[in-house]
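Notes for the one structure printed next.
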Amino acid sequence: MLSQWAPPVERTTMAVFIISGSHMGTVIGLPLSGYLCSTDFLGGWPAVFYTFGASGIAWFIAWSILAHSSPAANPWISREELTYIQESLKHQVLVRGGGQPADRRGFAAVPLKAMLTSGPVLSMIGMHMAYNWQFYTLLTCLPTFFADVLSIPLTEDGLVSALPYLVLWATSNLTALLADATRSRGWLGVTAIRKLSIALGAVGGAAGIALVGHLGCRRGPAIAVLTAAVGLSGFIVSGFGPNQLDLAPRFAGTLHGLSNTLATVPGMVAPVIVGGFTNHASVRSNWLKVFYLSAGIVLAGCLGYLAFGSAQVQPWASATAAEEQQRLLDGEEEWTDDDGGEDAVRIQTG
């Protein structure tokens, strides 16, 4: 949908704002869960499941009514906004063929083999998985660390655990705005912006996570460093978050689904690994291993992206010259990804 809705110079902001919804959900969910568990409402802890289940249903109803696949299909959009979006996207690659044969409805066949052997795609997925390892490790296990090591009561645990994600939500969105401003002013190319965002977030976040285990049981410094580390990791989201749109606008949905599916695996594996380190003794020395592992995985993902990452439209996602010529002869609109930056794909029309 973002390939239809997001102007290139607002792409990072819109993608990250959507992704950061999970961060704000954490900010609301952790303290609310703690509060509901401490009450007799709907039986205490079962109220957590009833509340969030009902919220999901309400969201689905609102989404079904308000969401539209393209600006032109939205009955409530203003003419000015519609014109602005369409004009900003008229040079973007949204080709039907994408170098692949189309079916009779005009949809492109998804080039899965090319995707799965693409260095930029694999490095993006690797960074996404590395980021999620840290995200899920802290999301699922931070309350235990606060309770067992820092001795923070359950009634306060939810609020304290939510604080890093509030900062993460803020830094993610501020970094996205900065990235789009940098792009629109031509200060850096898109690939450089993606790599710089990931490097700053990964190195800063990993350093903070590794440092936490050396702060002993001092609540204030440990909470402050963890909050700063998680907040710095928000820079990473501006790197991999909109990268699917950079690499293959036409197949951005497929790429996101593939990346998000694989990046969910750490959510299943990380808590098990943390349990292996801490179940027999939830003490600071064992949590230090958890934090070191998380920092190492994030840095490994960062190195992979710095080596192979890109924000250029990939060859398998671009129309061939012959396909473009034929579409022009058929009266279809020419689409390239030329926003004046390094992503340009020029088509020769003879």
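Numbers run from 1 along the shown chain.
Note: Cβ is positioned from N, Cα and C throughout, glycine not excepted.
TrEMBL does not curate its annotations; it predicts them automatically.
Note that the structure is a prediction, hence the values are computed from the model and not measured.
Here is what TrEMBL says about this protein:
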TRANSMEM  12-35  transmembrane segment
TRANSMEM  47-66  transmembrane segment
TRANSMEM  133-152  transmembrane segment
TRANSMEM  159-178  transmembrane segment
TRANSMEM  198-215  transmembrane segment
TRANSMEM  222-241  transmembrane segment
TRANSMEM  261-278  transmembrane segment
TRANSMEM  290-308  transmembrane segment
REGION    330-350  region 'Disordered'
COMPBIAS  331-342  compositional bias 'Acidic residues'
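If one looks beyond the transmembrane segment (12-35) by at least 6 residues along the same chain, the residues whose Cβ comes under 8 Å of a Cβ in the stretch are 2, 5-6, 48, 51-52, 139, 143, 154-155, 157-159, 161-162, 165-166, 168-169, 172-173, 175-177, 179-180, 183, 193, 234, 237-238, 241-242, 245. Here the transmembrane segment (261-278) sits against the transmembrane segment (133-152); at least 3 CB pairs are under 8 Å, leaving out pairs fewer than 6 apart in sequence.
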